[in-house]
Amino acid sequence: MSSGGLLLLLGLLTLWEVLTPVSSKDRPKFCELLPDTGSCEDFTGAFHYSTRDRECIEFIYGGCGGNANNFITKEECESTCAA
């Protein structure tokens, strides 16, 4: 195979990897945790993955504590947990 063909194949494989959604078996276990507002009172918007709704949902986070199912952006939540 020519170097151009190998480069094209590499590009297609990379694109496939990026666009393939996370399957539930590959999803980190912490994505199954319920949202936890934490123990502080610096209330800001955050996102958690809802296994019931199968999407990332905004919730109010207190700013400290909580659990790992807590993301600053919806995009970060989706890339980590969404199937």
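Cβ coordinates are placed from backbone N, Cα and C, and glycine is handled just like the others.
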From the disulfide entries in Swiss-Prot, identify which of CYS40, CYS81 pairs with CYS64.
CYS40
If you measure from the C-alpha of CYS31 (disulfide bond), which of the disulfide-bonded residues CYS40, CYS64, CYS77 fall inside 10 Å?
CYS77
Could you give the Cα-Cα distance between CYS64 (disulfide bond) and CYS77 (disulfide bond), in whole Å?
18
Could you say which of the disulfide-bonded residues CYS40, CYS56 has its Cβ with the most other Cβ atoms inside 10 Å?
CYS56
In the domain 'BPTI/Kunitz inhibitor' (31-81), how many residues does DSSP assign to helix, to strand and to coil?
10 helix, 15 strand, 26 coil
Protein Cβ atoms within 10 Å of CYS77 (disulfide bond), excluding its own:
23
